[in-house]
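Undergrad: Provided herewith is a single structure, encoded as structure tokens, for subsequent inquiry.
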């Protein structure tokens, strides 16, 4: 058995070299690489701007480990997220499908899952690449952020849990980091809820005082019962406004190992070492492969949890410190691959779920990312800054080092790419929007298979791009854009995030047209007077939109009001509710 095991390891170590020889001998080498079953390591940052990384043009942020991946592999410069916010983008990444197909969108403004104790989530009838790879014999793990739902009918059914979507192992947050986890002034939920509760308290207190005065002066013929009830309700609301912050911290900011809560609420100073320890443990346990590991970083989402030895070290404040710490984490993971002899047999992919947030700002201090030359940011369905993200692939000896590809690609492309590498079949019973990237990465194809890409904001189509290959032109058409606040600011600074519909968006007739191949910053609007083929482009894009919309089927919207309200009976709790507190694992080594 020892001899056979050693032979297996030797074969896996020679695999990349053998594949490289095949690539040099035959133009159809990509078909030889299919089903080669490498280990697959997927790294996804949270809220990272494409301009935050050295290899994408930042010369003041230190990201040597991510830059090394690009130097040793293939860098995609037109890599597009299917959505500009966390939940829908991650759903599209895992399924290879626009989030509107799975219902991971909203029509009322709830654009991501709002609570761990909500019933919405990635539907069980969706097929993730993890599910297919597990069926093909891969060990599958997810470490870090999930944010695709947890429970449906009870606090323990875990119907949306990663382990029900193809992952053998899960360690991390079933929800997402938020400013509220650290009771930051930059608040996603707490401040808004406190304001509403305080308003209701004032109303009920006024009612109670009015009834008391009317009762004592005999002007209002009322019994004492409604007076007492209104007064008690006012006191309860006042108490709730004080405790809502603690409720959010305990309800959403916790860690799980598989189906068990290990830390509620999270101890931030332990989080990064625990994540790294878990990654190293998974790699060591499964080094005889094959494995799929999805490391979904909590970085660089607010509240920007950063260890003390990285604080104050960057040139860009706390946000820069957090980016540089994440890069250090990438380096530690790469070191583990080297130590375990896995580097040459592992395909690595690095990306972000969407663009950096421009509205994360307190005074003159920016707590969000930089999107480089691209307009807009997180939450903006059509502008490039919200959806153009890093895309780096490394597979030593197989993928050419230092290659740069400017063709349009999508996060959804990872689905068919890894399924093909694992020897699996892409589902034929549903529309898969992603395209296999292997021919493009290997250089056996010069053009992306994406002629069109659609850009949604919630369930509303805001923009579309057309790659007109015969002209070498990348057209971008905007049907709807948000109204920036203040005007011309490039972001919605009066809000947490730009809206998708309503009075604060503009519906363009005719739509806005840009040529991204000459104007990637989307600064020069083309008109019939300035662009001779204006109407032909509009007609072709509109036809593509109609063809795309004909492939859509009605599905329940997981992020609408019913699926996105907090339900106490769905709330995970490792102690007597609402005193949810536990610490079940030792400090990291």
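Using the three backbone atoms N, Cα and C, a Cβ is placed for every residue, glycine included.
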Undergrad: Do you know which of 301, 455, 462, 467 Swiss-Prot groups with 145, 378 in the substrate site?
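TA: Candidate in the recorded substrate site: 301.
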Undergrad: May I ask you to find which of 55, 86 Swiss-Prot records for the Ca(2+) site already listed with 46, 47, 353, 354?
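TA: Among 55, 86, only 86 appears alongside 46, 47, 353, 354 as Ca(2+)-binding in Swiss-Prot.
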Undergrad: May I ask for the distance between residue 354 (Ca(2+) binding site) and residue 301 (substrate binding site), taken between their Cα atoms and rounded to an integer number of Å?
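TA: Rounded to a whole number, the Cα-Cα distance is 11 Å.
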Undergrad: Apart from 145, 301, 378, which residues in this chain have a Cβ no more than 8 Å from the mean position of the Cβ atoms of those residues at the substrate site?
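TA: In sequence order, the nearby non-listed residues are 46, 47, 86, 176, 177, 300, 353.
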Undergrad: Show me the subset of 58, 125, 301, 344, 378 whose Cα is within 10 Å of residue 47 (Ca(2+) binding site); these are the recorded positions I mean.
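TA: Hits: 301, 378.
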Undergrad: Among 46, 58, 258, 353, these being the recorded positions, pick the one whose CA is nearest to that of residue 301 (substrate binding site).
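TA: That would be 46, the closest of 46, 58, 258, 353 to residue 301 (substrate binding site).
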Undergrad: Please give me the recorded positions out of 58, 125, 147, 344, 378 that lie within 10 Å of residue 86 (Ca(2+) binding site), comparing Cα atoms only.
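TA: Within 10 Å Cα-Cα: 147, 378.
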Undergrad: What is the maximum Cα to Cα distance, in Å and rounded to a whole number, among the residues 145, 301, 378 annotated as binding substrate?
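TA: Result: 18 Å between the two most distant Cα atoms.
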Undergrad: Show, in sequence order, which residues other than 46, 47, 86, 353, 354 on the same chain lie with their Cβ within 8 Å of the centre of the Cβ atoms of the Ca(2+) site.
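TA: So the additional residues around the site are 45, 48, 85, 89, 90, 301, 352, 378.
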